[in-house]
Amino acid sequence: MVNIQTNTSYIFPQTQSTVLPDPSKFFSSNLLSSPLPTNSFFQNFVLKNGDQQEYIHPYLIKSSNSSLSLSYPSRQASSAVIFQVFNPDLTISAPQGPKQGPPGKHLISSYSDLSVTLDFPSSNLSFFLVRGSPYLTVSVTQPTPLSITTIHSILSFSSNDSNTKYTFQFNNGQTWLLYATSPIKLNHTLSEITSNAFSGIIRIALLPDSDSKHEAVLDKYSSCYPVSGKAVFREPFCVEYNWEKKDSGDLLLLAHPLHVQLLRNGDNDVKILEDLKYKSIDGDLVGVVGDSWVLKTDPLFVTWHSIKGIKEESHDEIVSALSKDVESLDSSSITTTESYFYGKLIARAARLVLIAEELNYPDVIPKVRNFLKETIEPWLEGTFSGNGFLHDEKWGGIITQKGSTDAGGDFGFGIYNDHHYHLGYFIYGIAVLTKLDPAWGRKYKPQAYSIVQDFLNLDTKLNSNYTRLRCFDPYVLHSWAGGLTEFTDGRNQESTSEAVSAYYSAALMGLAYGDAPLVALGSTLTALEIEGTKMWWHVKEGGTLYEKEFTQENRVMGVLWSNKRDTGLWFAPAEWKECRLGIQLLPLAPISEAIFSNVDFVKELVEWTLPALDREGGVGEGWKGFVYALEGVYDNESALQKIRNLKGFDGGNSLTNLLWWIHSRSDE
């Protein structure tokens with residue numbers, strides 16, 4: 001899959017943000033000339049003091065004071081939240097001699113989709129943090145004495161004859177294995193292990209369940225270590241992991257449940273070790289032996305219109321609503337200047353055009369086309385009053401005028417929150433307008449591609465204005481919305497449906513411009529995001545991924561974090577179930593059918609939500625509309641009557657869109 005339309009390198013006007021952090025504190029100087037990740041799995045390592053933990057499967061890892069702490073986390077669960085608990089099971093450092101000066105902070109010397117390398121220059125330590133590695137790998141670059149401390153008590157401590165493997169057991173039941181590329185002499189007290197000066201590679205792994213049957217496996221694969229890994233999008237609906245490895249033997253890594261599902265679809269020369277299991281908040285991780293993985297998802301074909309078509313007898317009802325919705329369009333009456341809400345209004349109007357096309361009712365199209373031009377062009381031309389798109393060179397990306405001086409402005413867009421959400425709505429409008437008016441599309445193509453590349457750039461060498469795949473995480477196979485904010489539980493994402501919509505909209509833009517690589521990339525990420533949504537956000541009755549008390553009480557996630565599962569929303573409490581359903585459905589579009597293809601689950605979700613609509617104090621009509629839309633998947637007539645009685649709609653939705661949805665459901 002070649003990078004998308006690399007001949008366009010338009011950037012919006014440059015600005016100097018007053019709220020963005022300085023990346024030079026933690027990235028090595030050779031990385032600073034390239035765009036930098038803003039929503040990545042290691043983001044906490046480059047924010048504030050860089051000392052907040054990150055979850056790098058299967059360990060929580062924390063860097064502070066020239067030491068690196070490793071935790072194989074325990075887990076706490078209730079009906080409201082699940083989270084992994086950080087306890088520094090092992091802390092690795094090189095004691096500072098008086099001549100070395102004070103301890104230094106870590107530096108990131110390299111990073112990739114699947115790895116990050118943390119250097120401690122003052123200690124001669126370099127950690128290869130590779131996602132899914134059961135081993136923590138550290139390179140000691142010059143002869144250096146080491147210290148490994150624990151908050152537990154060391155109950156037993158032994159080595160092999162050559163002093164290249166050590167086994168230690170703690171009083172919390174954990175057993176850890178340490179491997180060295182050359183003999184190392186270790187001594188220990190109750191809670192500290194020390195070495196003489198050593199240089200070479202050390203690998204440390206938890207022995208799962210302290211079960212000796214796994215020890216032979218970890219021994220066998222201990223010599224071959226990965227230093228980096230990249231996800232390659234070579235063909236549609238496929239992502240390939242390739243690792244750079246060193247030393248002899250085969251490479252052992254760990255796969256989460258979605259990996260295993262997609263590995264079985266691919267043409268793989270890998271061996272899955274189902275008995276080797278590590279616990280994870282994303283489900284059990286199992287061993288996989290192989291230098292590269294091929295993950296394949298089922299093909300998903302994006303469409304402008306509904307998949308099965310609108311029932312003929314319902315055309316008149318939809319046309320009546322459509323005429324009224326189009327009649328009320330007036331760009332001069334829009335009061336919001338926020339990029340998110342403005343984008344939703346654009347996408348709402350674009351839906352009206354596509355529904356008119358599907359109904360073969362062209363009368364309303366000219367008015368909607370003019371509305372789209374009047375609302376989109378000022379953002380592309382930089383003439384919008386009160387806000388606009390600007391370019392930040394420090395990290396490499398689009399920020400808004402509001403966001404350049406206010407970290408909370410535009411929901412944190414200026415610190416790289418929610419980029420795929422906001423920009424996805426604009427891209428949807430641009431795609432539809434380009435479909436209607438190809439000449440308009442050609443005129444604004446540079447700006448359109450600049451917007452899409454902000455979160456869909458595959459190659460920073462071909463387009464150095466934007467980081468690689470800003471929001472989509474190729475290891476967990478879904479996106480992160482949280483940007484440059486330090487969070488104890490890492491990155492997070494609330495609305496999966498808006499993430500899906502962003503990639504879907506990009507694929508539609510590819511269709512509008514005749515850009516096959518963009519169609520392929522957008523469709524592939526759409527399909528993967530949907531797989532991730534179904535795996536981790538949709539909580540099915542009787543599911544075993546999460547604890548029983550959580551699964552019994554919930555049918556859909558609130559906010560999903562790298563290290564936590566939360567039922568609450570950013571904007572509403574967990575009890576507002578209609579909001580939890582709605583934020584995982586909006587914006588309602590043809591792709592919604594693929595997200596909610598499991599009718600049995602849809603029924604479970606709606607029946608779980610419906611009692612909340614009788615809540616004292618009332619429920620917003622806009623949220624009710626989304627609940628009724630999903631009810632229409634299995635009870636069309638009941639949902640239709642409820643939708644006809646609605647008195648209001650979400651800002652990105654309309655009566656026309658809800659009627660289109662209900663009347664395009666299959667009777668099967």
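Glycine too: its Cβ is placed from the backbone N, Cα and C atoms.
Database features (Swiss-Prot):
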{"type": "DOMAIN", "residues": "2-668", "note": "domain 'GH81'"}
{"type": "REGION", "residues": "2-208", "note": "region 'beta-sandwich subdomain'"}
{"type": "SITE", "residues": "ASN7", "note": "site 'Not glycosylated'"}
{"type": "CARBOHYD", "residues": "ASN65", "note": "N-linked glycosylation site"}
{"type": "CARBOHYD", "residues": "ASN124", "note": "N-linked glycosylation site"}
{"type": "CARBOHYD", "residues": "ASN160", "note": "N-linked glycosylation site"}
{"type": "CARBOHYD", "residues": "ASN187", "note": "N-linked glycosylation site"}
{"type": "REGION", "residues": "209-299", "note": "region 'alpha/beta subdomain'"}
{"type": "REGION", "residues": "240-443", "note": "region 'Involved in beta-glucan binding'"}
{"type": "ACT_SITE", "residues": "ASP418", "note": "active site"}
{"type": "CARBOHYD", "residues": "ASN465", "note": "N-linked glycosylation site"}
{"type": "ACT_SITE", "residues": "GLU494", "note": "active site"}
{"type": "ACT_SITE", "residues": "GLU498", "note": "active site"}
{"type": "SITE", "residues": "ASN636", "note": "site 'Not glycosylated'"}
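A map of Swiss-Prot features onto the structure.
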{"residue": "ASN65", "record": "N-linked glycosylation site", "DSSP class": "coil"}
{"residue": "ASN124", "record": "N-linked glycosylation site", "DSSP class": "coil"}
{"residue": "ASN160", "record": "N-linked glycosylation site", "DSSP class": "coil"}
{"residue": "ASN187", "record": "N-linked glycosylation site", "DSSP class": "strand"}
{"residue": "ASP418", "record": "active site", "DSSP class": "coil"}
{"residue": "ASN465", "record": "N-linked glycosylation site", "DSSP class": "coil"}
{"residue": "GLU494", "record": "active site", "DSSP class": "coil"}
{"residue": "ASN636", "record": "site 'Not glycosylated'", "DSSP class": "helix"}
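Summarised by DSSP class, the composition of the region 'alpha/beta subdomain' (209-299) is 18 helix, 39 strand, 34 coil. Within 10 Å of its Cβ, the residue among the recorded positions ASN124, ASN465, ASN636 with the fewest other Cβ atoms is ASN636.
Here the CA atom of ASN636 (site 'Not glycosylated') lies 71 Å from the CA atom of ASN187 (N-linked glycosylation site). Under a cutoff of 8 A between CB atoms, and with a sequence separation of 6+ in the same chain, the neighbours of GLU498 (active site) are HIS420, TYR421, GLY424, ILE583, LEU586, PRO587. Closest to ASN465 (N-linked glycosylation site) in space, going by CA atoms and restricting to the recorded positions ASN65, ASN124, ASN160, ASP418, GLU494, is ASP418. Per-residue pLDDT, averaged along the domain 'GH81' (2-668), amounts to 97 for this model. Recorded residues GLU494 (active site) and ASP418 (active site) have their alpha carbons 10 Å apart, per Cα-Cα distance.
The glycosylation sites listed here are ASN65, ASN160; among them, ASN65 has the most other Cβ atoms within 10 Å of its own Cβ.
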